[in-house]
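Peer 1: What follows is a single structure, and I will ask about it in a moment.
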2 protein chains.
Amino acid sequence: MRKSIATVSVSGTLTEKLTAVAAAGFDGVEIFENDLLACPLPPEEIRARAADLGLTIDLYQPFRDFEGVPRARLRANLERAEHKFRLMRRLGADLLLVCSNVSPETIGDDGLAAEHLRLLAERAAGHGIRVAYEALAWGRHVNEYLHAWNIVRQADHPNLGTCLDSFHILSRGSDPLGIEAIPGEKIFFLQLADAPLLAMDVLQWSRHHRCFPGQGGFDVAGLVRHALNAGYVGPLSLEVFNDHFRQAGTGRTARDGMRSLIALERQLQGVAHPSVPSGFAFAELSGTGSLNGVLPALGFARTGRHRGKPVELWSQGAARLLVNATGTGPEPAGAVSPGPVVGAAASAGPAHAAGAGPGLVAIGLDNPDPGRAVAHAESLLSPVLPRERAPQDAPLHAVAAPDGTEIFFCDDAWLADFAPEGTGGTGATGATGITHIDHVALAQPPHYFDEAALFYRGVLGLQPQESLEVPDPYGLVRSRAMSTPPMSTPPGSTPPGSTPQEPGVRMVLNLAQVGAGQPPPQHVALAGADVLAVARRLRAEHPELLLPIPANYYDDLEARHDVPPELRELGVLYDRDPNGGAFLHLYTVTVGRVFFEIVQRIDGYAGYGAVNAPIRLAAQHHGSRTEPPMMSE
Amino acid sequence: MRKSIATVSVSGTLTEKLTAVAAAGFDGVEIFENDLLACPLPPEEIRARAADLGLTIDLYQPFRDFEGVPRARLRANLERAEHKFRLMRRLGADLLLVCSNVSPETIGDDGLAAEHLRLLAERAAGHGIRVAYEALAWGRHVNEYLHAWNIVRQADHPNLGTCLDSFHILSRGSDPLGIEAIPGEKIFFLQLADAPLLAMDVLQWSRHHRCFPGQGGFDVAGLVRHALNAGYVGPLSLEVFNDHFRQAGTGRTARDGMRSLIALERQLQGVAHPSVPSGFAFAELSGTGSLNGVLPALGFARTGRHRGKPVELWSQGAARLLVNATGTGPEPAGAVSPGPVVGAAASAGPAHAAGAGPGLVAIGLDNPDPGRAVAHAESLLSPVLPRERAPQDAPLHAVAAPDGTEIFFCDDAWLADFAPEGTGGTGATGATGITHIDHVALAQPPHYFDEAALFYRGVLGLQPQESLEVPDPYGLVRSRAMSTPPMSTPPGSTPPGSTPQEPGVRMVLNLAQVGAGQPPPQHVALAGADVLAVARRLRAEHPELLLPIPANYYDDLEARHDVPPELRELGVLYDRDPNGGAFLHLYTVTVGRVFFEIVQRIDGYAGYGAVNAPIRLAAQHHGSRTEPPMMSE
């Protein structure tokens, strides 16, 4: 299907927008009136610019407060419309969006509205222009799409049709099934936007919180299916008002929009997701110095060395950590990180991981067909990383996530690049029962949180949960968990203390809105069969590695739950879910830009201990500095 | 009255919060449980710390989901309460806040709730503790303050009273008059928060958008008056959840809260505002180089020179601009600005004005008693600027605004510091009919927008209007106008083309949420008797100084209004208000960090041409660079 986007959906001047939209592969644009008014180019030049870029101008919008008005106002409104028709001819646009009237003076009389729209359509026809009438969710009298269609039907003019907008329909909870009652040829245009499910004034919700399909909570694909069933043949057009998109990179947002439409098309075609990972192959950390102390303490042993690069493989159970020695030690801020070793110095690595010692730079995901997975990611506009490698190395299939983390798709071939070390290799002090990587938590850059959610959903097939907000002493951390379906093992299906056989992949995306400035650390959460045993060992041998948890936390925990007193001694945190699942977890101190969590899921606990996150964040601030950072005024 | 604040209202760790709250002059604190749980100090040490700082612990909060529950849950809840009572004894707190139950399992039976609360109060009494029961606005069954009071009355226990919270009462639209039906001694606590008037889910509204009294849209003082009439004698306690305060400076927010309570007390005492300015005495600009071209072009003449400092006075009508020569030319970013000259190098000047050529650093406000005005500002915790000056200079009375702008209170004495220049002095090319300063627009730093609103309201007596959001090509600008009452001359009271005799003071506070990084420029808006004449002169003599306005804007303007074609030729913008008022305005290009607007208010127009602001912002971006700033991805 043709793909279009309203210019209001991306940042920049009109000419920047057109350039970026064309580069992202869109076929057409809706010209949002304010973008045109602020543009120094005359309409003829905008028309030529769009044509040069291969873009059609599919819609001019919006034309407001036209129909159902007193007679004197009607004359003025028709006069105003004539101005716009002349402008549209200069611009080469032949479809005008008319939004249902929101003015206090409009009269709630469908016959009158139909009469006025018929007059408008007749005038439009004289200019070769068609009119698409849309019910705004906050229209004064007309705010339901079937009501708007009824008026269009009553007006009965070939140059008048309706425009459907997924936000206006779904935000009101209207059933989109009714779209199939509209003849396809009378649906002149289809605008698509998603949104998080918020309980707020619909106008503010629409103007600030829309997002691209697949980033929010609406079933946009289901709505499009009804339009296709009705016979709609026009473009799928994105129209998004979003405070973050307004501040984000023009080209990046345009590509994000295109990614959302490609994913939507796949969903409509019922294409099964080709690259859902079955687990973590590895997590790759830059920098060895400090990590050499932590990993053996956690029971990891160095089990391999890359045959051609300075990278070590540390393992325990199915948990594998790669340590990239080229990133050792603190670097000056802004230095170009050497990048993940498995990726063969493919990129500069995540911005948040550079310049402050060890960081999480890449993750490997188990996938039976890495070539197919990377092709899928590429089809969703993910940057594929260069595959430079020695001839004897296994092929590498990797893309960059929006946050800069490198994502490798792995069958087992990559392990052959590592020469095994004998048992009892350097640093091995005995396993602690860690079985696999439970999840990784990745810090996201500002303004790209929705993009990240769509990436991990569309490219990796993870299912997002609702966003949470976690208080930090100096702000809030917005946090969204995503995981492979099913998100949890059903309660009771595994005995207490055991772990499910197929853990899948879980991730947590964090966006820090924190005054202290530093981006929050990333972390790797390791699943342990017995967190208390890990804690006892750390307490005995490396107490300096355990993040100290305040006694006040345990006073409260013991007021709420019947827990063993040992938790307090060991610094282990605890949560329960409403289904009876329980969660034990502990944290190491932060090393460079990364820390480790050891987690134990009991009786199908499917969360992440979010209730304890404020305690952890405060403890990290206490541990990371002696001077309060925010006393400067 | 005693003044208290909940620790959740400011950022930081608990010890940072206590220190800042004491430094701001509060008498006591509410300890918010999460702050205590995350604190590594035991309760006894927190108690000692507070006592050392001279703070009482007035409340421990919140205790949730206690009352109206099934029997098994009641036992667990009483057990949980016992834990908290023991903790409170260690902490030295003797009042516990119990919020109305939000749990799905609670039973809507007032008798049962009263019975449970009576049990709780009886247990509390054994510890010397009292319980204050509060209706949360989103409580499951109890969400009105009179309902909570009814249950307290029914429970009838001396250790049980009610807690009133202005947000919970006013957000639901409840009439606070009913407070007077509650015996004062049964109002155990009074929590105060204001909020902007938003149409959204009340829980989200409460958790993210509360602000200090005087910063939002509620009549908090009116509510307090009812509580005092009822006989309430406890503290006024601020309890604010605000995403910006969480990220702002701890001490700064604490002082802001204290300022709001002082202003609230004044309001309750019916103290008339002692320092409402009657007009602008001057605006002071740093840097002369480029300004020397602009000011004569606008019809200003240099009419004086400071007798002891390198500062010039430029005048036209009652509009006076001071030009501080020590700030000439661009400075390296981060350089310490020499500060306003009238202020005698008192401070580093506004952060936004430093480092990029001419900027707006100070304003002078006409005030008959500058000494009294500065004393008032100081009583509201505004930093008073040092008064270093030569012995022969007039006394200076100035404070720093939250955004760094220096505010001078002026009678006419300051003019004597300037030696007059002869008529036809340097740069004078004939007046253009500018009569006075209409308004100044000041860029605000992030996270302190509410503080600024309270400063200009409380210290200067300006009345705020609702916030607007104005689209910029690379984000949004939040904008709030404030002015001396009355905000406008009534329509028809002045003939078209004339200006009111007593213009008062108008200001616009702007907060840029813009990806491009640079703070938005400040501007000085000058009232002209004939903007078209000013425009003609600029067009003829200095066309390079006029901000170019796109022809597309005029195509649209002419579709909406019957305006003379000359506006298009001259680059003059136009607006009308619903009362028939009209507004003509034009903009100069930006010089350094400042630009000028010439405005003409016709028939009582009281706005600021906000509808045209997106056009101006886009034109400024077009003018200020050739490379798009946001294409880096």
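Glycine is treated like the rest: Cβ placed from N, Cα and C.
According to TrEMBL, the record shows the following:
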DOMAIN    A:19-261  domain 'Xylose isomerase-like TIM barrel'
BINDING   A:GLU134, A:ASP165, A:GLN191, A:GLU239  divalent metal cation binding site
BINDING   A:HIS439, A:HIS523, A:GLU597  Mg(2+) binding site
REGION    A:478-501  region 'Disordered'
COMPBIAS  A:487-498  compositional bias 'Pro residues'
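Surface or core, plus neighbours and distances: that's what I need for these features.
Peer 2: Counting every protein chain shown, 25 other Cβ atoms lie within 10 Å of the Cβ of A:ASP165 (divalent metal cation binding site). In this structure, A:ASP165 (divalent metal cation binding site) is part of a beta strand by DSSP.
For A:HIS439 (Mg(2+) binding site), the same-chain residues lying six or more positions away in sequence with a CB closer than 8 A to its CB are A:ALA481, A:SER483, A:VAL505, A:ARG506, A:MET507, A:VAL508, A:ALA525, A:VAL599, A:TYR608.
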Peer 1: Identify all same-chain residues not among A:GLU134, A:ASP165, A:GLN191, A:GLU239 whose C-beta atom falls within 8 angstroms of the centroid of the divalent metal cation site's C-beta atoms; report them in sequence order.
Peer 2: A:LEU97, A:CYS163, A:LEU164, A:SER166, A:PHE167, A:HIS168, A:PHE189, A:LEU190, A:LEU192, A:ALA193, A:SER237
Peer 1: Taking the Cβ of A:GLU239 (divalent metal cation binding site) as the centre, how many other Cβ atoms fall within a 10 Å radius?
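Peer 2: By my count, 28.
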Peer 1: In Å, rounded, how far does the Cα of A:ASP165 (divalent metal cation binding site) sit from the Cα of A:HIS523 (Mg(2+) binding site)?
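Peer 2: The Cα atom of A:ASP165 (divalent metal cation binding site) is 40 Å away from the Cα atom of A:HIS523 (Mg(2+) binding site).
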Peer 1: Which whole-number value in Å describes the distance between the Cα atoms of A:GLN191 (divalent metal cation binding site) and A:GLU597 (Mg(2+) binding site)?
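Peer 2: The Cα atom of A:GLN191 (divalent metal cation binding site) is 44 Å away from the Cα atom of A:GLU597 (Mg(2+) binding site).
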Peer 1: Going by DSSP, is A:HIS523 (Mg(2+) binding site) sitting in a helix, a strand, or coil?
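Peer 2: A:HIS523 (Mg(2+) binding site) sits in a strand per DSSP.
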Peer 1: Report, as a single number, how many Cβ atoms besides its own are within 10 Å of the Cβ of A:GLU134 (divalent metal cation binding site).
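Peer 2: Neighbour count, Cβ to Cβ under the 10 Å cut-off: 23.
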Peer 1: Which state, by DSSP, holds A:GLU239 (divalent metal cation binding site): helix, strand or coil?
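Peer 2: DSSP call for A:GLU239 (divalent metal cation binding site): coil, neither helix nor strand.
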Peer 1: Just to be sure I understand the packing, how many Cβ atoms besides its own are within 10 Å of the Cβ of A:HIS523 (Mg(2+) binding site)?
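Peer 2: Around the Cβ of A:HIS523 (Mg(2+) binding site), 24 other Cβ atoms lie within 10 Å.
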Peer 1: Count the Cβ atoms, other than its own, that fall within 10 Å of the Cβ of A:GLU597 (Mg(2+) binding site), considering every protein chain shown.
Peer 2: 24
Peer 1: What does DSSP call A:GLN191 (divalent metal cation binding site) in the simple three-state scheme?
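Peer 2: SS state of A:GLN191 (divalent metal cation binding site) = strand.
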Peer 1: Distance check, please: Cα of A:HIS523 (Mg(2+) binding site) against Cα of A:GLU239 (divalent metal cation binding site), rounded to an integer number of angstrom.
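Peer 2: A:GLU239 (divalent metal cation binding site) has its Cα 36 Å from the Cα of A:HIS523 (Mg(2+) binding site).
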Peer 1: Can you tell me how far the Cα of A:GLU134 (divalent metal cation binding site) sits from the Cα of A:GLU597 (Mg(2+) binding site), in Å?
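Peer 2: Spelling it out, the Cα of A:GLU134 (divalent metal cation binding site) and the Cα of A:GLU597 (Mg(2+) binding site) are 51 Å apart.
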Peer 1: Expressed to the nearest Å, what is the distance separating A:GLU239 (divalent metal cation binding site) and A:GLU597 (Mg(2+) binding site) at their Cα atoms?
Peer 2: 41
